[in-house]
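Right, one structure below, let's go through it.
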Amino acid sequence: MRRTFLKTLVAAAAAATLALPGAAQAAYPERPITMIVPWGAGGGTDATARIVGSLLEKELGQPVNVVNRTGGSGVVGHAAIADAAPDGYTLGIITVEIGMMHWQGLTKLTYADYTPLALMNFDPAGVQVRADAPYKDVKELLAAIKANPGKYKASGTGQGGIWHLALAGMLAMSDIPPSAAPWVPSNGAAPGLQDLVAGGVEVVTCSVPEARSLIEAGRVKSLAIMSDTRSELFPDLPTLKEAAGIDWTLGAWRGFAAPKGLPADIQDKLVAALEKIYKSAEFQDFMKSRGFGVSWAAKEDFVAYMKKSDESLGTVMKELGLAK
Amino acid sequence: MLAIEKAVGLVATPSVLISVFIASVFGMLVGAIPGLTATMAIALLVPFTFFMDPLPAVGAMIACSAMAIFAGDIPSTLLRIPGTPASAAYTDEAYAMTRNGQAETALGANLMFSAIGGLFGTAVLIVAAPALAEVALQFSSFEYFWLAVLGLTCAIFIGAVSPLKGLISLFIGLLVSTIGLNNPAGVPRFTFGYTELMGGIEFIPAMVGLFAVSEVLRAMVHGAIDLPMTQRKIGNLFANWGKMVKTYWRQQLRGNTLGTAIGILPGAGADIAAWVAYALSKKMSRTPEKYGKGHVEGIIESTSANNAALGGAWVPALVFGIPGDSITAIVIGVLFIKGLNPGPTLFIYNPENIYAVFLIFILANLFMIPLGWAAMKGAGYILRVPRRVLMPLILGFSIVGSFAVNNATYGIVIMLVFGVLGFLMEENEIPVAPCILGIVLGPLVEENFVTSMIKSNGSFLAFFERPIAGVLGVFTILVVLSPLIGMVVRRMRGPATKTA
Amino acid sequence: MVKSDIIIGLILTVLGVAVILHAQSFPDIPGQEYGAAVFPVIAASALAACGLLLAFKALRRRATVPEGVDVAHSMAGITPAGWLKGLATIALVLFYCLFSDQLGYIIAMGLVLVGGMMLLGVRWWVAILISAIAIFAIHELFVVLMRVPLPRGTIIPF
């Protein structure tokens, strides 16, 4: 049984103490709200949570404190959101990793352990190479990998991370064994991209906004985007299907959720507020300026979205031998 | 030069100056509070910058981070609680000076050499940003591996009484750094099924525990004996400035250069710069035996280095949008929002904006002197508090600070465990500083080793094949072997010196 | 110092060996020749080696020192009352960890501060007065200014 440190410690104390009274929610929110971010300050998830947090503060009339609970590739923060009291005073931003960690046996948590609020962002993976690389398009790159298995290394995130799966899925769909392009784990997209420029690796399959500054600096070029539609940021960039006829899409999404068991009236209130924020000029401008893609799905739609994401990730991970 | 004139016009507006000033005060406050880091201060500024114009927003962040890094020296000197990780390298040295009744010399040195270091880093940023970024961009995992190993060798030189005990402390730190999920293989290690342990050992609570809580425990166990009466207030901070610059200008220059160089490398920041500078200072010093007992020389060199590193970190950030540390990572995000997309184009199309950013750097480092003076004078009252009152207060601050790092009680548990560990280690004359070094550098060494081995298909030779890596590798091996070589040389010379 | 070095050396050696044994259970990673166990094993081996060396050196030194003369070290000078105060401090922090969620930051911290000061012999009313000021100051800095969600407590929520 996996119990947290503190749970074990406070079990006795908690049993003796009465839980917070569930009544008196008519005036929600009547005190500050905490929003948990499972990733570090400075990243895209943190930035998204902070802009939504500051807009939510205006919407609800109560302070929204954005707090980072980092570590364990997102496990710690996701667990903290799920473990909080479902009183509407602790919310969180959950990311695509919620559909990956349980396959790896890192946690038992899945999307079903949350009260879904709304999906607000989706960024597909891109295929990035050095600007002076000899490949004109993805087809040439894939041919080169196929011809020299093991020679070209790829990077962009940790072992078994979302961008690793993006690469593996793309290779598998082109009938190339994923081991033909060994994965070099990196601590996020930025170090992976730096290693790409330094000549340490050949391909980085991170999202396009993450590679944006190096693309604009003329050091890196993107060959394709793993999505059904083209990117708003780089409209000239073909989709993987257009470029190589591979029907493979994968990306990172971010959405807002609360602990499971949130009363329906609070859920409605929060979803309504989030929808207003989503449609606001501030939010749209912010996401556009960072190059982040926007995407909306609330409540049941969000659950269906997460379910689909969870299943397709599971398939790839099993193929890669990453799932337990 | 038209761009510079324009830049002066951009900076010399009330909105920029006021926001830089307020952010400076805020950064000073956050940096001086144990457990709160410069990164946290910047993250808290982010929501405010949404509603600001680009230049005041960026200016506020620059000023805030410069002040926070510097202000970390204050609690580190007075209470032995490093305010920021960048201060940890010379915490013991500065605290020893306070115990010797030389707090004002230590603080004065911190203030002056931080400001000069910051200005030096800025100067490098102005003169050579694009060219240097180009070099830094060529660093791959092979080069970083050697750099991290070089950092580890510092443990041999900073270890106080016995090198063996220094090594023991280092390896304890290295083992601690392997706890959790954050390793190249992505598998949980030593977590025993606890979710919190997957996140690994948070660095800041561990540091607060090793330095501050161990000191509290010592006071509890041995009795809280007050410092000598001489050190009850901060004297003239500026008293020894002229003399220090004259005596230690070499150390200062070396610290500046080294700090800037390390800061420029993405992924290595002010904290590593401070460690390496301190070790180098001891190694090169004519009086290494004075180190660790309250000697200002090492403090000068490493405080010069950590503030210079801050300027250096902006080189890859501005030129390529690659964060040099967690602070620049946040600022890059804000730059994008404000339409100042980092990259070479920023230098070509908006030179006046870049110059304005540079001017704010200079301004922030000049603000540092009066603000730092005020903060130190205020903090000096701490010295008048009897230690039997002060020690529980330190414990309280440590608890809240450790909680604040990740907003979790888990941080307090780590703090306590490391407090007890630090107490036991120091009671047995095992220094704690190398342990911190191990926790900081362990992941860097491992990641870069494993990724390099994947890239080279398992060949060790690859660590010497790239030109920069080869040079760094040979240099590192020489440094590691230098005590051995020194011993052999001394043995061979031994008889000769006896007869002389 | 000599005796304690032998004990510490042996403890570290045992710790190192335990880590090496535990690391054998780490899984292999496809595509990574140097897996999760390599680095911990290297560090643990080095720690064990240092531990052995420390114990060995101390043993050798002991042989040269006359029997029964143990060089004094600071831990030997701790009184039973000192040990108790140390343990009480640890207990205070543990108490905060366990009950701050229920009691809230203000009460839990108050107990830690007042308790700590009383242990060091501060008069009770001085301890309470200073603790109250410190708690207010920390609350303003962390909760109001820095927005750190310190526990509010479920009994008397603030």
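Placed from the backbone N, Cα and C atoms, the Cβ positions cover glycine too.
Listed features, source TrEMBL:
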- B:7-26: transmembrane segment (TRANSMEM)
- B:17-437: domain 'DUF112' (DOMAIN)
- B:58-78: transmembrane segment (TRANSMEM)
- B:111-132: transmembrane segment (TRANSMEM)
- B:144-161: transmembrane segment (TRANSMEM)
- B:167-185: transmembrane segment (TRANSMEM)
- B:197-221: transmembrane segment (TRANSMEM)
- B:258-280: transmembrane segment (TRANSMEM)
- B:313-334: transmembrane segment (TRANSMEM)
- B:354-373: transmembrane segment (TRANSMEM)
- B:393-424: transmembrane segment (TRANSMEM)
- B:468-489: transmembrane segment (TRANSMEM)
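Here the transmembrane segment (B:393-424) sits against the transmembrane segment (B:197-221); at least 3 CB pairs are under 8 Å, leaving out pairs fewer than 6 apart in sequence. Mean predicted confidence for the domain 'DUF112' (B:17-437): the pLDDT average there is 82. With respect to Cβ pairs under 8 Å, the transmembrane segment (B:313-334) is most closely packed against B:111-132, considering the stretches B:111-132, B:167-185, B:197-221. In terms of C-beta pairs under 8 Å, the stretch of B:58-78, B:111-132, B:167-185 lying closest in packing to the transmembrane segment (B:258-280) is B:111-132.
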